[in-house]
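Taken from Swiss-Prot, the feature domain 'EngB-type G' covers 27-201, and the record attributes it to sequence analysis. Marked as GTP binding site by Swiss-Prot: 35-42, 62-66, 80-83, 147-150, 180-182. Positions annotated as Mg(2+) binding site by Swiss-Prot: Ser42, Thr64.
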Amino acid sequence: MTEFKLNYHKTHFMTSAANIHQLPKDEGMEIAFAGRSNAGKSTALNALTNQKNLARTSKTPGRTQLINLFEVEPQYKLVDLPGYGYAAVPEQMKLQWQKSLGEYLQHRECLKGVVILMDIRHPLKDLDQQMIEWAVSSDLPVLLLLTKADKLSQSARSKQVKTVREAILPFQGDVQVEAFSAQNKIGIDKLAAKLDSWFSSLLTE
């Protein structure tokens, strides 16, 4: 069997939804990108797709309040979920987002994996752990990307990856941890390979 590989550079914007009920039909395959506001989700999507402005990066954390869908190829979609956990967002809105994220992870049939992005210097905050827990309890595989890895030396980076790998063992799910830096092109290939492995299951179903 030939190796399954999608060309992420062909990814294009599909649509935005204010909540899970406005999403397109639950079909094909989706992989979600989740993370705290300013964890670097948009930057990671832009690096993966080699498009500077595919996902709008914002200097204001909490700006991305919509669910944004991108199509790699027909039936293969990437989903940019609203950033969570930013203090300047009203409490009511934060709770609403968390409810929506939980609903999406637990009820979206075409969701096949979750990429959770965390700043390598501040990983595994409460809401990050909540996201991992939701994903694992929904039998979804998880890739934890420790972003902004260029901010640490190589030895500090390796140490932090090891620490996070040990810290997530109690979750007991299919959780992989990798360092990532859009700026220094660290981890982009690993991200693409993981997405391919998740997407390829559509062919075997």
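Using the three backbone atoms N, Cα and C, a Cβ is placed for every residue, glycine included.
Overlay of Swiss-Prot annotations on the structure.
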residue: Gly35; record: GTP binding site; DSSP class: strand
residue: Lys41; record: GTP binding site; DSSP class: helix
residue: Leu66; record: GTP binding site; DSSP class: coil
residue: Pro82; record: GTP binding site; DSSP class: coil
residue: Lys148; record: GTP binding site; DSSP class: coil
residue: Phe180; record: GTP binding site; DSSP class: coil
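Counting only residues at least six positions away in the same chain, the Cβ atoms of Ser16, Ala17, Ala18, Pro82 sit under 8 Å from the Cβ of Leu66 (GTP binding site).
On a Cα basis, Ser42 (Mg(2+) binding site) lies 10 Å away from Gly35 (GTP binding site). Between the CA atoms of Lys148 (GTP binding site) and Ser42 (Mg(2+) binding site) there is a gap of 13 Å, rounded to the nearest whole number. Annotation for the binding-site residues Lys41, Lys148: lowest Cβ count within 10 Å of the residue's own Cβ, Lys148. The two recorded residues Phe180 (GTP binding site) and Ser42 (Mg(2+) binding site) have their Cα atoms spaced 13 Å from each other. In the shown protein chains, 27 other C-beta atoms lie within 10 A of the C-beta of Gly35 (GTP binding site).
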